[in-house]
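First the structure, in the form of structure tokens, and then the observations on it.
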Amino acid sequence: MPAQKRGRSNDAGAGSSQRNTGGPSATVYRKSAKKQRSDQQQEAAAASKPAKKPVPQHTRPKDDPKPKTKHEFIQAKKAAALKEKEEAAAARRAEEAAEKQLRKKQVQQQKGEGVSSKGAPQPPPTILIKPPQPTSSFKIVAGSYERLLYGLEATVEPASSSTSTSTAFAVSLKPIFTFPAHISSIRTVATAGADSKWLATGGTDEIVKVWDLRKQREVGQLTGHEGTITSLVFASRTYLLTTSADAHMNLYRTRDWALLRTLKGHIGRINSAAPHPTGRLALSVGSDRTIRMWDLMRGQAAASTRIGIEADLVRWDTEGSRFVVLAYRQAMVFRTDMTKVAELEEKKRIGDVCFFRVTDAEGRERELFFAGLEDGIVKVFDLDASVADEATASNDDSDSDSDEDDLAPLVEVGRLVGHQNRVRSVAVLPVSVPSRKGKSTQTSYVATTISSDGLIRTFDLGAIVGSLSSTQRTLAQYAAHVVSVESNAQFDTKGTRLTCLTAVGVAGSVSGGAEQDEAEDADVIGSDEEEEESEVDVEAEDAELKALERALKDAQAKGLDLEDLEGLLDSDDDDEEDDDDEVVEDEDEDEDEDEGELE
């Protein structure tokens, strides 16, 4: 009993203390151990459960009520997509305006620097993509919709004695291969030049195939694209530039065919790309109606400009000071500062355009512009022609814009006739024409064309180049002296729909061709020679071991001392090395002959 009273007094004291401190008044009961464990387990289970996420409340603004029908929902979705597209276009226009303003500032700064450093001449840029050298034979490679790849070897021969001009020549075409190179249509082909053996082809199978043109065999496949291959071009003999419908442009190294860069920036299909003759930058056009400049040294985009029309092709001239943009019926020639200097517009589609620099009878270099048309004619224009003032006198009284006044008239100097259907591609090469007596050679020019009629034709450009003159003429006088040239050779593919063309000189037909082959193999390939050197080293080691064994046996049989043995080894080694050198030279000669010949 007294203990119970003390317990109650303690509880009362505790309650009084709580009342004194202002705390809640309650009777404290001790939990049982079982109850305490169950409570702890419940608390731990509640703590381990993830917290419930708050349910978002979807509220609509008062001015945007919820669509009641499916039609209203579709219209609202289209309006939202259109608004997003307009916002993206506005942001893109703002970015292009900022880039344009920045380019203007850079041009002004460059002009200021040019004035300040007028006395210090600047060295010209190094040209990596050099113009082809004259050869007495060349190869023609053409692709088709029927996935067939045609290869022809063209040999230049002096014309008959009935021909009046000494530079006239005939061409004999010899087919060297015809086979299905891809599983679908071939859209583009490219060669690396006369000093290289590489041929690249691409088509709708999304694969770029690499071929050894000398040995006529496939080397490998490049699978870096996920769309139709639209263009192939070698930026010098050491790099290959490829474009595709997947909006990507790839840069490969020909030494080991490694993918160095994947350039991204276009929206949609890239139709064409063209590296600058210096090899430092490239231009590209595509379905997004822009022309983009790429820095190939850094592997990134440099600038872009909207041209308002989808371009099919872009090409640089020989010196890299002008480029042409082909868009269906219109071909526009620009300077590097995007100033339009000339324009060609036809009634029907233009199939292909290209530049080529020739030397006229007066020894002056002139840039020719070729345009293959829908009616089967190739028009040739002289971009460096001197037009008399009377040609533009009739336009002095007209109220034309200053930009139109700055456009130089395209002076037509020749036509290539013979095709009955659309000209798909044009390629021009210099050729070395042997004299009738075979004592000397002269340089002339040959144009190769393909058409939808299935014919591959070659044209002698000597008459057109011979008609070029530095004297001023009016446009009417130039039009009266247009030279028409017919084909001097043709090859019929029996109705095949040809799509693409490339022509390249044969290095073995010029002086020093073997040296160029060896340099190309040492510089670009390298792997074959390294393997051969390793094989030669193994053979030399085996020969040395055999000589050592023979020398030891001879020493034991004759009782020779170490000095005599060393002399014997030296003499035997010299003999074996001479034999090995002869074997290696024979192997190198056989290899050079194999590489120079076609299988």
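Cβ atoms are placed via backbone N, Cα and C, with glycine included.
In TrEMBL this protein carries:
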COMPBIAS  15-24  compositional bias 'Polar residues'
COMPBIAS  41-57  compositional bias 'Low complexity'
COMPBIAS  60-101  compositional bias 'Basic and acidic residues'
COMPBIAS  121-133  compositional bias 'Pro residues'
COMPBIAS  515-542  compositional bias 'Acidic residues'
COMPBIAS  562-599  compositional bias 'Acidic residues'
REGION    1-133  region 'Disordered'
REGION    511-542  region 'Disordered'
REGION    556-599  region 'Disordered'
REPEAT    179-221  repeat 'WD'
REPEAT    263-304  repeat 'WD'
The compositional bias 'Basic and acidic residues' (60-101): DSSP-derived helix, strand, coil residue counts: 32 helix, 0 strand, 10 coil
Averaged pLDDT, computed only over the residues in the repeat 'WD' (263-304): 94
Helix-strand-coil residue split for the repeat 'WD' (179-221), DSSP-based: 0 helix, 24 strand, 19 coil
